[in-house]
Amino acid sequence: MLEDEILSEFRASQALLEGHFLLSSGRHSAHYLQCARVLMDPMRASRLAAATAAKIPRDLRHQIQKVVSPAMGGVIIGHEMGRALGVEAMFVERPTGTFELRRGFALNPGEKVLMVEDVVTTGLSSREAIKAIEQAGGEVIAAAALVDRSAGAVDLGVPFFPLVALNFPTYAPDELPPELAATEAVKPGSRAKP
């Protein structure tokens, strides 16, 4: 899929939002990708996962034994990536603030894992998920995501294969441009308080 086709999928599902958003990283942005909306259509989710899987070099793809994604945002795309790769998919979650495998999920020692996210901005959640996977005995050999908001700047400590890399600027709270500072931020992500 070309970048225009990918963004067309986001626009068609009303997943590309504009306004003032407080990201889960604590940074602010005028753009937000609500991947839950783009993934709510199973056929679209399947297409995007297949295109993301195709970004991973064939020799590396064949080594992947499990897909693990962080809840909540990564659950659907992680499942679809498991389908695209023909391997089981599971997720880590934060019942007490730290990612861990639950619900009977387990990894065999040394099992080769692809960590899958929906969106990566600073990489904090991804690195936390990778740490949890390694603590559970898995070996993370690569990471993938629908969207790399860092436009290639993020370092996850493993090879990283995003479907698309976007450069939507993000800002620290004390560096907001006037147009964002003039409006209240909306916190739409998975770490938002109800």
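One-based numbering along the chain as shown.
Placed from the backbone N, Cα and C atoms, the Cβ positions cover glycine too.
Taken straight from Swiss-Prot:
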- E117, D118, V119, V120, T121, T122, G123, L124, S125: 5-phospho-alpha-D-ribose 1-diphosphate binding site (BINDING)
- T121, R149: orotate binding site (BINDING)
Chain-internal residues, separated by at least six, CB under 8 A from T121 (5-phospho-alpha-D-ribose 1-diphosphate binding site) = L23, S24, S25, R27, R149, S150, V154, T170
Key: For S125 (5-phospho-alpha-D-ribose 1-diphosphate binding site), the three-state class that DSSP assigns   = helix
Query = Within the chain of V119 (5-phospho-alpha-D-ribose 1-diphosphate binding site), which residues six or more apart in sequence place their C-beta under 8 angstroms from its C-beta?
reply = L33, C35, G73, A145, L146, V147, R149
Ask   = Taking the center of the Cβ atoms of E117, D118, V119, V120, T121, T122, G123, L124, S125 at the recorded 5-phospho-alpha-D-ribose 1-diphosphate site, which other residues in this chain have a Cβ no more than 8 Å from that point?
value = S24, S25, S126, A145, R149, V154
Task = Any same-chain residues 6+ apart from G123 (5-phospho-alpha-D-ribose 1-diphosphate binding site) with CB under 8 Å of its CB? Would you list them in sequence order, or say none?
result = S150, V154, D155, L156
Ask   = Can you name the residues of this chain that are 6 or more positions from E117 (5-phospho-alpha-D-ribose 1-diphosphate binding site) yet have a C-beta less than 8 Å from its C-beta?
value = S69, P70, G73, G74, I77, S125, S126, A129, A143, A144, A145, L146
